[in-house]
Amino acid sequence: HDLPPQMKKDLLVLSAVKTSTLHFSSQDTVTISNRSKMRNNSPAGENLATNGLPFPWSKVRLPSYIVPVHYHLLIHPNLTTLRFNGSVKIEIDVKNNTNWVVLHSKNLKIFTATVLDEHEAHLSDKVLSVLEYPSHEQIAIFSPKILTSGEKYFLYLEFGAPLSDGFYGFYKSTYKTKAGETRVLASTHFEPTSARMALPCFDEPIFKANYTVRIRRGPSHIALSNMPLEQTVEIGNGLFEDQFEVSVRMSSYLLAFIVCDFRSVSGMTITIYAVPEKWHQTHYALEAALRLLEFYEQYFNILYPLPKLDLIAIPDFQAGAMENWGLTTYRETSLLYDPDISSASDKLWVTMVIGHELAHQWFGNLVTMEWWNDIWLNEGFARYMEFVSLEAVYPELKVDHFLDTCFGAIGRDSLNSSRPISSLAENPAQIEEMFDTVSYDKGACILHMLRNFLTNEGFQSGIIRYLHRFKYSNARNEDLWDSLIKVYLKKMMYTWTLQKGIPLITVKRQGRKLYIGQERFLKIVLPDDPSCYLWHIPLTYKTSHSDYEMKHILTTKSDVLTLDEEVDWVKLNSDMNGYYIVHYDEEGWNALTELLRINHTALSFKDRASLIHNAFQLVTAGRLSLNRALDLIGYLKSETHNVPLLQGLGYLQSFYKMIEKRNIADITHNLKTYILQYFRDVIDKQSWSDDGMVSDRRLREEVLSLACDFDYPPCLEKAKHLYNSWVESNGAISLPTDVSETVYMVGAQDDSGWAYLLEKYGVSMCETEKSKFLSALASSKDSEKLSRLLQLGMDGTLIKTQNLPSLIYLVAKNPVGHFLAWDFVKKHWDELVEKFPLGSFGIRNIIVGTVTQFSSTEELREVENFFKSITEQVSELRVIQVATENVEKNIMWLSRNLETMRTWLQQRLN
């Protein structure tokens, strides 16, 4: 599944887990404490079912000797009692003789189970016993008659359960009409391991099968599934049964069905569904989906394999979106677009999420990874194709923030707590944690590096080969490299997917010789860090005298390159197309700093942005002094491109936020003064409108938000004026969309303004607008108001539960709210884990969003003590390490750089 609504990137603090790319997700995992209790109560090595009998299978993964071929599913959700009943007849192939069928089932009550022969006659007169083994989410059915290898059988089960409360399995969602009436719908979210909550099934990606779905519903609802409706039959009692066409072969996590009362808009094979009163917000999505689908059919050279594609906005949804084949589901903010309310960034977001989910229809759905250790094959690819598709289809959107994706990945990958792209994951919590910045963002960045290395044509033809070779089946990491043909490629790519971390290239120039070396780049070096990392790196470089890019593959620890002539400067990693950081010697940095000062356009905007990024990363790692990096960005006064500008500004702002939280008054004041003085021209140049290209509009949004946050008087005056006119019109006038959030933030600072926004939040019919209101409400400097918001989020009525993780993060990054948010998380930990299971995006975002605001040894100790107290639950979670390591990084940054910052600012301001 895909990414949640964006939160502004906090470059330093949250570079570990760039929030805009973390993903919200869903599935309840048996907590580790429960698991160990189960183990302790059973005799050594024996797995006991819930009735005390031995369970015939001991592994988390299902046996491979029974393979599902075709599921015939009937499902009937009751939207009044909030329960569902169903039956499934699964055609199975038996590979070895056996008496047992083991499959997945979770929180389902199984009413009857029988095994039928190929003529659908009962194999046994008795009702078969079903053993349940909840810690592996498995059930086993015993057949008195042996199931013979090579024969065809049917497994028939009847089952029922309450509609799930969370965001996974077959769950209930609600929305309010304008008139205030609450309506209920039922929808599914199965990836990665929750299909088993809606029907007993073989819930692993390798078990691809066909699905024939029938859904029962009342007359005022519609039913949707992956395939088009074949026919509707009236079955009495005011009930209808919708029967859908047989699906193509697919994995269980892609099955989907929904019963709702939505309205739709259609064009060609595509239909967009939403809550009836939000129907007018669906039109942009239809246009984008049609254009993007056409692009993918041409790019992959394979027609979209299904007769229809639906995109539906679900009112309660944890992820950003989910690629169920033919029925893609979205959070409302990821699909709906209201031209009067949505900003340029909001439009870009919707377009990118649609681009991501549509890429999955081929990459993920048509060809699926064999197991979750290779989930990056799905997610890294879809993340990368967002950029490739938008560049081709919407060149006017100027999607120039791919670098941010790689910067986000580097933030996580330069810590010890990172992991290889391809990593072991066995149980549901571990699988869930694989949907992270390493799979999505690092995955996308190494694919980008590979595409630049192979050329666009070479990359595309390899991808087409791969899709044709593995369509309707499963693939592994190495299958992709094999399809890309070049013999040495596999060896090279293994160095990027099977070991963690990012390389640092060191460069020393002497005359015409470049002495280069590689090592692992780490922000915090622990004594036992192995130095045995070695990558095969496709290096690129430019010099003051070169007309084109030079290339060299570095496969050893060090090497020497000889230039054709003496040069003034050399810049490695052209346009940052490679996934590595570069550290020059003193002369090298001096030459580049001077180049930026006198003629910055000699380098591309991507080269300029990556130099700024690399310099500040090296400062954090203690390899470059802070004043060197600050001198490097001295040229930004004359920078006109928004990417390097926001890169430099982003670092300064993140330092400010961290120092402000430490209450270091003189530096806080001086840094704020410096930023406002230095960037005053850029700030004053911004108009309070929606004019200009998308990139100009995104710059305006960021810069004015910063200026008002820093209490810049002209900014505050203008925002207050706009806010007051908006309130006087009772919200009837439209504010310029790019600045509306800033206007609300300024308005929220007094009691009446805050109360008015909360009231507006309750009645708004646009989720994008509500997210802007929520940001503003959470920016209040009154801690009682912040506590009230957190309580409302916990309560889940006015502020939906799906928005609680981002609300906690918003409060935590408010200087008045960071302890408040952390105390809230500790106090409500058990309830939070019930709402957002361990490993899920929600819980990871809550942990990272609160913990990474800290930067002192006392705070670190306090965080570690809390995690120790719940160690049974979180011992297997990687995110705890990621979060605490970020605090250590913040502590080191302050101890190394505070004095330098103080002196540097005094010199600049005097």
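Backbone N, Cα and C define each Cβ position, glycine as well.
Annotation source TrEMBL lists domain 'Aminopeptidase N-like N-terminal' at 67-254.
Feature annotation from TrEMBL assigns domain 'Peptidase M1 membrane alanine aminopeptidase' to 284-496.
Shown in sequence order, Glu323, Asn378, Ala382 are the residues of the chain, 6+ apart in sequence, with a C-beta less than 8 angstroms from the C-beta of His360 (Zn(2+) binding site). According to TrEMBL, the Zn(2+) binding site annotation covers His356, His360, Glu379.
The active site, proton acceptor annotation in TrEMBL covers Glu357. Other Cβ atoms within 10 Å of the Cβ of Glu357 (active site, proton acceptor) number 29 in total over all chains.
When other Cβ atoms within 10 Å of the Cβ of Tyr440 (site 'Transition state stabilizer') are tallied across all protein chains shown, the result is 30. Marked as site 'Transition state stabilizer' by TrEMBL: Tyr440.
According to TrEMBL, the domain 'ERAP1-like C-terminal' annotation covers 569-888.
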How many Å separate the Cα atoms of His356 (Zn(2+) binding site) and Tyr440 (site 'Transition state stabilizer')?
11
For Glu357 (active site, proton acceptor) and Glu379 (Zn(2+) binding site), the CA-to-CA distance in whole Å is 10
How big is the Cα-to-Cα gap, in Å, between Glu379 (Zn(2+) binding site) and Tyr440 (site 'Transition state stabilizer')?
5
What is the total of other Cβ atoms whose distance to the Cβ of Glu379 (Zn(2+) binding site) is within 10 Å?
28
Averaged pLDDT score, the domain 'ERAP1-like C-terminal' (569-888)
96
Let me know how many other Cβ atoms fall within 10 Å of the Cβ of His356 (Zn(2+) binding site).
28
